[in-house]
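Q: The following block contains the structure, expressed as structure tokens.
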Amino acid sequence: MGCCSSAEGKRDWKPLEVRSCTDIPWLIIFTLFCIGMACICGFTIATGGASRIISGYDSYGNICGQNNSKIEGVELSGRDMRENKYVFFLDPCNLDIINRKIKSIALCVSKCPATELKTLYDVKQFALNNGSELCTYDIKPARYPSYSNKCPKLPVPPSKSLPLFHRCIPVDITCYAEFAQAFVTFVSDNSVLHRVVTGVMASKEIIMGLCFLALVLSLIMMVVIRYISKVLVWILTVLVVIGTIGGTGVLWWLYVDHRNALNSQTTSVFGKEVGADNVKALLVFAIGATIFTVILLLVMFFMRKRVALTISLFHVAGKVFIHLPLLAVQPFWTFLCLMFFWVYWIAVLLFLGTAGTSVKNNSTNLVEYQMAGPLQYTVWYHAVGLIWISEFILAFQQMTIAGAVVTYYFTRNKSKMPATPILSAMMRTIRYHLGTIAKGSFIITLVKIPRLILTYIHSQLKGKENACARCMLKACVCCLWCLEKCLAYLNQNAYTATAINSTSFCTSARDAFVILVENALRVAAINTVGDFVLFLGKVLIVSCTAFAGVLALNYQREYTVWVLPLFIVSLFAFLVAHCFLSVFENVVDVLFLCFAIDSKYNDGSPGREYYMDKALMEFVENSKKMARHKGDDGDGREMKSMARGGTLA
């Protein structure tokens, strides 16, 4: 990996002109960790765990489709199964929901029964005609009728093998409805579940169409926010003011009305006590609402001028997406990478479940696979890898977006931008900053792991611990969650500082923290107003998609259960809207830091021209005019930037 040397001492502020590799030790640590993950995968393959999952194995330790070695103490092991390539369960519907497995003897067979076998005589004839023995290996087909306890449960349902995993699965999966019902609390009988599933299958074209509609609406929303950002923000501001004042007034009116009714009430003592409790509750609510409204109005009054910066940033963010349209597909690439990694992680986890040494269970005389010694801790290593690498992939997206937006902002002549700014940002990230995002993602992992552990402990101890312990656990989980969100926000801004200055993670995080604190009111305005606008955008997309779904499903009235189709569509619409608008939010945050540096080091004079867009320049000029009019710095003060000793580090 090519690296240019870091600049020594102080240097002039030249965005994107000085590049150096950052956090090399963390890149080495992350690489070694990934090698460890690969070694775990190799271990499962070398010990046969992968072949047992893919090819399947019976209850005696024989891998289907292979010639097996004898397992000491297991009589039916060590058989030649090269002709028997499919796993058949004697009782496929006997599910262990708690341990998530099938509680049944498994055999290797040469063919899955394609038709229903109602009697043991039918099982016998199937074995004689097809050479596929469905009873345990120590029973000859001619003796099947005499050993019902070692043969499949009757009637044997018709089954077919899975394309890759060589398991005989019943064609009619009705028996698995019980497994699904354990997770669906609103289902009271099989008929309800059947109607729900039937409605989903019958309306799958509508579901796909509505999902595409959600995608289109998300793209439209990003364009709309750009062109009507000013009107939209002020409309929302007015609605919030009217809502809070109106809600507070209604609470005081209800309090007065209930109090007058209580004074004139001639009912029983019990009725008066209830009325008195209601009056007290309304008084508390009214006072709380009044305090909230006063604080909200004061905050909005002092931040009213800073809302203009949010509007300008939203306008410029819309232009960024016009010049960098591939930003809109970044969530897709990230999603594909995450899906690929999660599939790999789940596959290796399944391999680990059968990668240990074979052990005979004395109570059942069947074979189980267990890992002993240090190898049993590989599962925990694998679990940490899930969190760290997932966070690394998300951080890579954030760094790529930051790099592309920084390139856009600090390029005066937009026609001279790179042909593919997104790919250029990705290449810079891969060449220079993988160590930085490895360190940032590891910090999030350190906070997320204890939070998940405490959440798991709380779920396991539900109903067993006392109220004090439950409260302490919830408080710890809540604090860790808040810390995780704060660190994630700081990390995102640290990646932006790294994209601008090419500094290490800790230096960038410190610089980003300084600028966020020094411009706290503007940051608060951007986060509150901006997040609220984007949240309403998500709500609008979900509402429109769900409404279109109701209208579309109305033409299929024979399927009365619309809950699951509408839930699927609404969930997908929210996820799509969240992905697109979260990228929009990231772009706004990056633009804010770029604007902070630009306004610090430039003043618009010759030789110190602004890099910023015209909309942001108008905001700066208006702020300066207001400051001169007031005779002090006021709201037009220059934004402080990431500086040490007067120069950008």
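Count begins at 1; order follows the chain as displayed.
The backbone N, Cα and C atoms fix where each Cβ goes, and this holds for glycine too.
Note that this is a predicted model, so its numbers are computed, not measured.
Per TrEMBL, the features are:
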- 24-46: transmembrane segment (TRANSMEM)
- 206-225: transmembrane segment (TRANSMEM)
- 231-255: transmembrane segment (TRANSMEM)
- 281-302: transmembrane segment (TRANSMEM)
- 308-328: transmembrane segment (TRANSMEM)
- 335-359: transmembrane segment (TRANSMEM)
- 379-410: transmembrane segment (TRANSMEM)
- 532-553: transmembrane segment (TRANSMEM)
- 559-581: transmembrane segment (TRANSMEM)
- 627-641: compositional bias 'Basic and acidic residues' (COMPBIAS)
- 627-649: region 'Disordered' (REGION)
Q: Is it the case that the transmembrane segment (379-410) and the transmembrane segment (532-553) have 3 or more CB pairs under 8 Å, with pairs at least 6 apart in sequence?
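A: They do not touch: fewer than three Cβ pairs between the two stretches lie under 8 Å.
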Q: Taking a Cβ cut-off under 8 Å, which residues six or more beyond the ends of the transmembrane segment (308-328) line up next to it in the same chain?
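A: Non-local partners: 219, 222-223, 225-227, 229-230, 233, 401, 404-405, 408, 414, 417, 420-422, 522, 525-526, 529-530, 533, 580, 583-584, 587-588, 591-592, 595, 613, 615-616, 618-619, 622.
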Q: Six or more residues out from either end of the transmembrane segment (281-302), which same-chain residues have a Cβ under 8 Å from its Cβ atoms?
A: 237, 240-241, 244-245, 247-248, 251-252, 254-255, 258, 521
